[in-house]
Amino acid sequence: MARYEKAHCIEDFRRIAQSSLPKMVFDFIDGGSGMEATLRENRAALDRVKLVASAPVNVATRDQSVTLFGQTYAMPLIIGPTGLVSVAWPQGELVLARAAGKAGIPYVMSTAASATMEDVARAGDGRKWFQLYAFRDREISKAMVRKAASLDFEVIEIAVDNPIPGTRLRDSRNGFSIPFKWTPGKLWNVATRPGWLWRMMRNGAPKMELLSEAFGLQEAPTIAAVLQKQLDPGVDWDYIRELRDLWPRAFVVKGMLDPSHVEAAVASGVDGVVISNHGGRQLDGAASSIEMLPEFVAAAAGRLTMLIDSGFRTGTDIVKALALGAHSVQVGRPTLFAAASGGQPAVERALAVLRNEIDIAQALLGAAAISDLNPSHVRFR
């Protein structure tokens, strides 16, 4: 029996990933910015949301399906954008895309992917979304938008919470970089992770394929330097409108925490927002996403599709967000932990675990359908 087959919750997958990956790779996935106050707060805030069961209610038949931007999905879950997935498992983005397709949910490709858009577009039969980083060279960003449209990506999410990179202390202390830079200590640690080492030797070290292609560069250190220098700190609503006009389908702004920007989002033709603090990887000390969700729901008043990420690890976490007004939840680390635990079969198992947890929470709360979840099902403590 494979180790991932013994995983019964996302924390089990996390433990398997920690024992399977070199420390620098696990910390790259698991860590946050600064002193990781926001990373911890994301979990603490979700734990402060208490569920209120409504019974008796007939929940003999339950339905998890949700409709987002005119498409129906099997459950209120999205595999969100994460960069360099191939550090966890070879062809990691393709693994996630195929697993998402089999589960009937969207997969969001990151600009920092270790795969090309073409490869992701062909991976499985699911629906693909694309997350865009805005670069100082705006023609490169616009070219990515056009290419995503030509490859039938259905939704674009532009990240607005990274005008500059956050401070990742774990990565700095570990000397994490792409390509990997080896020291005796790192080599010793990798030697204790023979499975990961063998997979890397067989498949080659990961690199940011999409950025390499976009900037026409071959040397990975140069690509990393370009990423650091090219993130655009000048993104504003005028630029959002410019990109919105360029994109023919649903357009989402990812990384919003301030509900005062909702009116500007609506005026700019945005279809949805992702309430996010980048999983605690950008501004340390930022508010939790779940804490800000009710204010966004009130400000939007039904005019925007509400998505959320940052800190979600269980089906009950997801149900809490849905009850507070989110239409679906994006996850990042949970499926990375699963991928590191055993590739696509492990990711499929992790998604099944979350689906089962959502189903149990629905039944016990008295919600036969996702649309039955509402603020009466939760209390903040």
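Each residue, glycine too, has its Cβ placed from N, Cα and C.
As written in TrEMBL, here are the features:
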- 2-381: domain 'FMN hydroxy acid dehydrogenase' (DOMAIN)
- Pro81, Thr82, Gly83, Ser110, Gln131, Lys254, Ser276, Asp309, Ser310, Gly311, Phe312, Arg313, Gly332, Arg333: FMN binding site (BINDING)
- Tyr133, Arg168, His278, Arg281: glyoxylate binding site (BINDING)
- His278: active site, proton acceptor (ACT_SITE)
Problem set entry | Which same-chain residues, if any, lie at least 6 apart from Tyr133 (glyoxylate binding site) yet have Cβ under 8 Å of it | Thr111, Ala112, Ser141, Ala159, Asn162, Leu231
Problem set entry | Structural state of Arg281 (glyoxylate binding site), classified by DSSP into three states | coil
For this session: Going by Cα-Cα distance, pick out whichever of the binding-site residues Arg168, His278, Arg281 is nearest to Gln131 (FMN binding site).
Result: His278
Seminar exercise, completed: Expressed in Å to no decimal places, the gap between the Cα atoms of Phe312 (FMN binding site) and Arg168 (glyoxylate binding site) is 20
For this session: Run through the Cβ atoms and count how many others sit within 10 Å of the one on Gln131 (FMN binding site).
Result: 26
Exercise. In Å, rounded, how far does the Cα of Ser310 (FMN binding site) sit from the Cα of His278 (glyoxylate binding site)?
Worked result: 6
Exercise. Hey, how far is Ser276 (FMN binding site) from Arg168 (glyoxylate binding site), Cα to Cα, in Å?
Worked result: 17
Exercise. Which has the fewest other Cβ atoms within 10 Å: Arg168, His278, Arg281, the binding-site residues listed?
Worked result: Arg168
For this session: Would you report the average pLDDT that the model assigns to the domain 'FMN hydroxy acid dehydrogenase' (2-381)?
Result: 95
Exercise. Of all the binding-site residues here, Ser276, Ser310, which one's CB has the most other CB atoms within 10 A?
Worked result: Ser310
